[in-house]
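According to TrEMBL, the domain 'Josephin' annotation covers 1-173. Annotation comment: TrEMBL describes Cys6 as active site, nucleophile. If you look up TrEMBL, you'll see Cys6, His112, Asn127 marked as active site. Among the features that TrEMBL reports, active site, proton acceptor is placed at His112. Summarising the annotation, TrEMBL assigns region 'Disordered' to 253-356. Per TrEMBL, the feature compositional bias 'Basic and acidic residues' maps to 346-356.
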Amino acid sequence: QEGSLCAQHCLNNLLQGEYFSPVELSSIAQQLDEEERMRMAEGGVSSEEYRTFLQQQPSVNMDDSGFFSIQVISNALKVWGLELILFNSPEYQRLGIDPINEKSFICNYKEHWFTVRKLGKQWFNLNSLLMGPELISDTYLALFLAQLQQEGYSIFVVKGDLPDCEADQLLQMIRVQQMQRPKLIGEEAAQSRDQRLPRSDVDQAIEVNHPFDGTGMLDEDEENFQRALALSRQEVDMEDEEADLRRAIQLSMQGSHRSELSGSLPQNVPQSSHSSQTDSLSSEELRRRRQAYFEKQQQQLQQQDQTPNQQDKATLSSSTPEPGAGGDMSEEDMLQAAMNMSLESVRNHLNSEEEK
């Protein structure tokens with residue numbers, strides 16, 4: 001857009017050609033000013049109203065910035081046989097106008113004018129403040145106009161036949177797709193200028209600690225929620241691992257205890273279950289029993305050195321890791337030992353069943 005000649009750009013975008021120049025629009029404005037002055041003089045050149053009119057700015061239909069009034073635009077369009085009707089006015093309601101069936105609109109807010117026109121079978125926002133035309137879908141048109149009205153724009157329907165143009169003929173045959181909305185004039189320059197400005201040490205530190213990865217920044221509540229969720233998952237995983245270890249140790253102790261009882265009790269004596277007692281054992285009690293069991297296994301290893309012909313005990317002792325100094329073992333070693341003991345007790349039980 002050149003200067004503030006948005007009214008000129010609005011008319012030329014509507015007609016799709018360089019039909020009006022600032023000089024031509026200024027001539028229309030001066031003509032309207034003269035006609036208005038003559039009407040005011042009819043009441044007497046010495047009247048208070050006439051003197052007040054003369055003391056106003058040189059023109060009420062244009063100014064030095066390039067602004068032109070709605071009267072100038074309306075008179076300019078009359079040359080092409082076009083008429084402006086105020087959106088939602090009584091005449092608009094009387095004609096039963098449906099926006100989707102019209103061809104174009106002219107919108108004004110304060111000193112800015114722009115055109116919304118249908119080219120081919122699609123609507124375009126031809127605002128001269130944009131880098132290019134903005135595609136408007138049929139379903140969005142009514143919402144777009146209602147939003148402009150809410151923002152304080154005056155909207156005029158352009159009635160009449162617009163002159164033929166190449167863009168309209170081309171878009172009658174094809175439809176266009178717009179992947180990205182055009183930016184405002186000067187928006188790219190402002191963004192590039194902001195990028196060139198030196199950043200403070202605080203901004204650089206924030207960027208280093210929180211690099212932008214394109215996924216969007218989480219607010220403080222969302223970050224706290226994600227952190228709490230991760231901690232809860234870790235706690236659940238640790239509880240699951242501890243429960244698995246405790247179950248494995250309980251099963252191994254039950255199996256070894258049953259195998260010892262099966263060798264010492266008569267056949268007609270029922271073997272009692274110790275699952276309920278084991279379930280109620282505390283972690284400290286389990287730890288003491290594990291220690292006692294490992295010490296017993298150490299004694300069996302020493303006896304094995306003296307009596308190497310005991311095959312079954314050698315198999316059990318070879319699969320059981322020795323405790324470290326002071327009897328301390330890691331949780332992983334304890335789990336492995338418990339699994340080995342459980343498997344050994346199952347083998348002993350199957351052997352005893354086969355002997356029967």
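Even glycines carry a Cβ here, placed using N, Cα and C.
Small disclaimer: the values here were computed from a predicted structure and weren't measured.
Sequence features, as recorded in TrEMBL, placed on the structure.
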residue	record	Cβ within 10 Å
Cys6	active site, nucleophile	23
His112	active site	17
Asn127	active site	23
In angstrom units, rounded to an integer, how far apart are the Cα atoms of Cys6 (active site, nucleophile) and His112 (active site)?
6
Rounded to the nearest Å, what's the C-alpha distance separating His112 (active site) and Asn127 (active site)? Just drop the number here, would you?
10
